[in-house]
Amino acid sequence: MPSHPPILTAGLRHSEQFTVEPRHTVPEVDVSWPGFQDMPPVLATAMMVAFIEQTCIMGLRPFLSSGQHTVGIHVDVGHVAATPVGMKVTAEVELIEIEGKALLFKVACRDEGGLIGEGTHRRAIIDVARFMQRLRDKSAKAA
């Protein structure tokens, strides 16, 4: 008998931690974008948001069936404090609403000095095969 993943419910909490490295800083976001090059070497907002997404992804994995993933569909996060290279950052996410395949998370990031970002993030559960087919169809139309 195949095993089924546990039931996903609001209230799920998950956290992850990483140490900020130079590759996570604003000047390293994309070296081809000159506007970033002379910016201070602090955790980039883009990287903080990516880490929030990673934390949601990892928290959801045990609850998804084979062939399912989640994709980010909305981010509303304030980045309220800078984090230097070498500091640890912890992302904490809580699933607060499930509406069909849409999942709403309350999110927060903290470094060793306190809160650096908070807000909400929405993800959607997808069937990977169908999603990839839609991408192929879209690419074919654009060609």
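Placed from the backbone N, Cα and C atoms, the Cβ positions cover glycine too.
Just so you know, TrEMBL annotations are computer predictions that nobody has curated.
Listed in sequence order, HIS79, GLY117 are the same-chain residues at least 6 apart in sequence whose CB falls under 8 Å from the CB of THR45 (active site). Following the DSSP three-state reduction, the secondary structure of THR45 (active site) is helix. Annotated active site per TrEMBL: THR45 (among others), in sequence order.
Sequence-distant neighbours of GLU53 (active site) (same chain, 6+ residues apart, CB-CB distance under 8 A): GLY72, HIS121, ARG123. The active site feature in TrEMBL is assigned to GLU53 (among others).
Every protein chain considered, the tally of other Cβ atoms within 10 Å of the Cβ of HIS79 (active site) stands at 18. Taken from TrEMBL, the feature active site covers HIS79 (among others).
The CoA binding site annotation in TrEMBL covers GLY72. In three-state terms derived from DSSP, GLY72 (CoA binding site) belongs to an extended strand segment.
The secondary structure of ARG123 (substrate binding site), as reduced to three states from DSSP, is extended strand. Just so you know, the Cβ of ARG123 (substrate binding site) picks up 23 other Cβ atoms within 10 Å once every protein chain is counted. Per TrEMBL, substrate binding site is recorded for GLY72, ARG123.
As a summary of secondary structure, the domain 'Fluoroacetyl-CoA-specific thioesterase-like' (37-128) carries 21 helix, 51 strand, 20 coil according to DSSP. Residues or ranges marked as domain 'Fluoroacetyl-CoA-specific thioesterase-like' by TrEMBL: 37-128.
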